[in-house]
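Novice: Have a look at this one before I ask anything.
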Amino acid sequence: MATTFSASVSTLATSLATPTRISFQKPALVSRTNLSFNLRRSIPTRLSVSCAAKPETIEKVSKIVKKQLSLKDDQKVVAETKFADLGADSLDTVEIVMGLEEEFDIEMAEEKAQKIATVEEAAELIEELVLLKK
């Protein structure tokens, strides 16, 4: 779905008033006497994902997930890893949550625990609960 933004720019030069219609689809430079508008829009070329959780929390959660799912040591588990992609079913997810609660000495509300699908989501929720506990 593409959206085109447009704007009208009016400049008065001596006795002429000329409205100019500019489409923002492509970069443009409009100049009139001493007046210029650079209409170049910066468009991100790459989307990057960043974790709000601390790396050490992500690492602890990853280790617990590996332990609960009996994964091999060389199995890669990172922040974006989904429990379902590791073969976890709903019972496995409950066991993961129980392991996390024990390790971090917290209690997760059932509604929030059911929404956890990735290591990152678990780590972020844990950090939130640890802060609330203090």
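Positions of Cβ are set from backbone N, Cα and C atoms, glycine also.
Computed from a predicted structure; not experimentally measured.
Relevant sequence annotations retrieved from Swiss-Prot are reproduced here:
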type	residues	note
TRANSIT	1-51	transit peptide
DOMAIN	55-130	domain 'Carrier'
MOD_RES	S90	O-(pantetheine 4'-phosphoryl)serine
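So where do these features actually land, and what's packed around them?
Specialist: In terms of DSSP helix, strand and coil, the domain 'Carrier' (55-130) has 50 helix, 2 strand, 24 coil.
In this chain, no residue six or more apart from S90 (O-(pantetheine 4'-phosphoryl)serine) has a CB-CB distance below 8 Å.
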